[in-house]
Amino acid sequence: MVGLKPPEVPPTAAVKFVSAGTAACIADLCTFPLDTAKVRLQIQGEVRIPRSTVTVEYRGVLGTLSTMVRTEGPRSLYSGLAAGLQRQMSFASIRIGLYDSVKQLYTPKGAESTGLAARVLAGCTTGAVAVTCAQPTDVVKVRFQANGALPDGARRYSGTVDAYRTIAREEGVRGLWRGTLPNIARNAIVNCGELVTYDIIKDALLRAQLMTDNVPCHFVAAFGAGFCATVVASPVDVVKTRYMNAGPGQYRNALSCFLALLMQDGLAGFYKGFVPSFLRLGSWNVVMFISYEQLQRALALARPAQS
């Protein structure tokens with residue numbers, strides 16, 4: 001499908017919705033080990049309740065991945081994948097698939113082009129709605145990714161379904177929505193960093209006629225979007241990961257988690273796992289946006305044949 005010309009009829013909201021969820025799942029399958037490594041590095045050094053001796057087990061991206069394979073087996077790299085795919089089908093479909101539709105709602109009637117404010121508002125809106133709907137899947141994914149770092153006897157969950165059930169039983173239904181506010185903040189930032197940056201870079205490349213609307217253009221725009229999103233979202237992402245992984249009573253709220261991290265590790269603590277975050281988010285964006293653009297075109301081209 002490389003080099004396909006955009007269809008004359010733009011894809012519908014339903015096509016974008018399905019394409020976004022599918023593309024996000026493809027991207028997750030390709031980059032999930034990097035996401036697991038990021039979570040392990042972010043929670044490393046966390047002071048536990050009851051307090052325990054803190055040891056440095058993971059060093060760097062490759063060191064983390066090799067340590068996991070050596071001590072837990074290759075399957076540990078995809079621990080929590082089921083929840084991750086569930087999350088993407090509900091989460092990415094909303095925040096990415098509905099972005100263009102919401103952007104049009106914020107664009108004044110008669111405007112020749114969509115301004116930056118409308119794009120940012122659309123990114124914040126779809127990101128917040130997506131988090132509200134998909135938060136339980138994110139909590140389970142993070143818990144399951146962190147679960148493998150514990151000794152066999154201390155592991156909290158035996159499977160994805162058991163994780164949903166155990167969290168709801170021990171922490172109440174609210175436990176499944178733990179960290180919703182920091183996650184909304186994170187995803188509002190990430191959504192703007194990803195979608196708005198991708199939108200602006202792609203639009204600038206096409207307007208300047210530096211590239212045509214095909215895979216190389218999508219690659220450049222997606223890579224820039226991944227880098228911008230990682231830089232601005234890393235501090236909120238670290239707090240979100242630690243807070244969602246925390247046991248009952250470890251932190252009073254997301255703010256106490258933020259302050260504990262600041263006092264314990266300083267400002268550098270907010271960029272724990274930055275390299276795997278960028279490797280994951282950058283590669284995730286490249287795979288997702290290229291897949292998203294091509295899926296939209298394939299589905300749009302297939303529609304006339306079915307009618």
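Cβ from N, Cα, C; glycine included.
Given the structure is predicted, the values throughout are model-derived calculations rather than measurements.
Summarising model confidence by region, the repeat 'Solcar' (11-105) averages a pLDDT of 80. Under the heading repeat 'Solcar', TrEMBL lists 11-105 (among others).
The repeat 'Solcar' annotation in TrEMBL covers 114-204 (among others).
What TrEMBL lists as repeat 'Solcar' is 213-298 (among others).
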Helix, strand and coil residues within the repeat 'Solcar' (114-204) as assigned by DSSP:
76 helix, 0 strand, 15 coil
